[in-house]
């Protein structure tokens, strides 16, 4: 993920009404800091403003003030209180005397703590929590033993009802500050967040990494046992590190049968006689790279069925044989795959794929349709909540049901959204950059007897003047971009296309707010006029205990 440079801002500018938000509209909002600051209401105190505006030598004195009274120093220890949770789960704190913003991981609203400044920026600083003085107001005991150290479930120790309230507030603030919609407008547009009924064991896909050395938090170093292969790790990457792996024996987000598989592999893979070595992403030596476990459902029985995918640096099936024999005895395991990735990259997609046991796909049922899922298919990670999400999309589409409408499905993945609508419209045209996903979409259409869906491989970030010639003007556009949102070329195309309805499905409320701004309000500096009206904004919690938020937005041509 690319890191967007934050605008360089003086304190003088910050004392006005969020002028830096204008600059953010033209930058990527993919970074934690940028998106988090978008949802922070930052107001310096009167004293701070006076100290900068009343100086006889503005440049020198402002610099002096910024580096002393306004900016805490790197390495400085502060007593802080978390005010709110910003996007990506960072806690928002402010220096008591100045209102300067500090961002801290693993702190929650109302929590008082001691923190050390680890990094300074022009308009915020990052802090590491050292000690909790008093817990947050909605504290609960996290059921997962890894919750304090794993980067996946940052908010497990926060009451779930408080989690969804915080997410709803983040969407609101981003839509106001970045999207330039007023709070009054949102009163009639924004709907209450839809919570997730299943808060654990909801993920149908988990990817674990092998590593040559277990990562252990500093506070647990004394308990570390470093003996040959016992130090090998299979688990999740430590937060912020590509080369450090936190060993995990159970994950409360994946299904119970998937945890059986993980436990079985953890039980034997380190045995020296097997000759299995974890991949070292620095030296590029080793065999085992990743373990992916996917959970689906048998179409006839609705019982869970599992695919286990070993990602290795070379094709050596004899080395994997003991692991295959161990896990094929688990009744739910119907597929064992081997993706061979010989590159030095950290991807789990291999250049070659081999079936070691059973079949090469598993199935899942969504909105009455059957989907075949391969090892590298994209599929909604929370099947249960995807049912809710897709129903919301269908409701927004307001399909007539007479088979007259054309749907353009952008960033269609394996076609799941478009295919759930296909039987009620004239035709669905889907676009996706990943060739494997397009292949899966075509296969899923055929599997469900759908003949009015066309899926085209293409990069929507690189569309040319001829884009749109392959399909008639759509009545409904559904766009479901990845985290960076839509490219300006695609924004311009949609504004020129002027479809009656756009349904924007977002996994990143920061870039979603930016794109809604472009579509509705235009881009004055590029002489682009918006032509849509935001009619509905619906946040959905797809991933409890994580900072991720999904939104379904309905736009109508104004």
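Each Cβ is built from the backbone N, Cα and C atoms, and glycine gets one as well.
Per TrEMBL, the listed range annotated as region 'Disordered' is 45-67 (candidates: 22-44, 45-67). Listed in chain order, the extra residues whose Cβ falls within 8 Å of the Cβ center of the S-adenosyl-L-methionine site residues 380, 411, 432, 480 are 378, 409, 412, 413, 416, 417, 481, 505. Within the set of binding-site residues 380, 411, 432, 480, the entry lying nearest in space to residue 507 (active site, nucleophile) is 480 (CA atoms). Binding of S-adenosyl-L-methionine is attributed in the record to 380, 411, 432, 480, and the widest Cα separation among these residues amounts to 15 Å. Residue 432 (S-adenosyl-L-methionine binding site): 25 other CB atoms within 10 A of its CB, across all protein chains.
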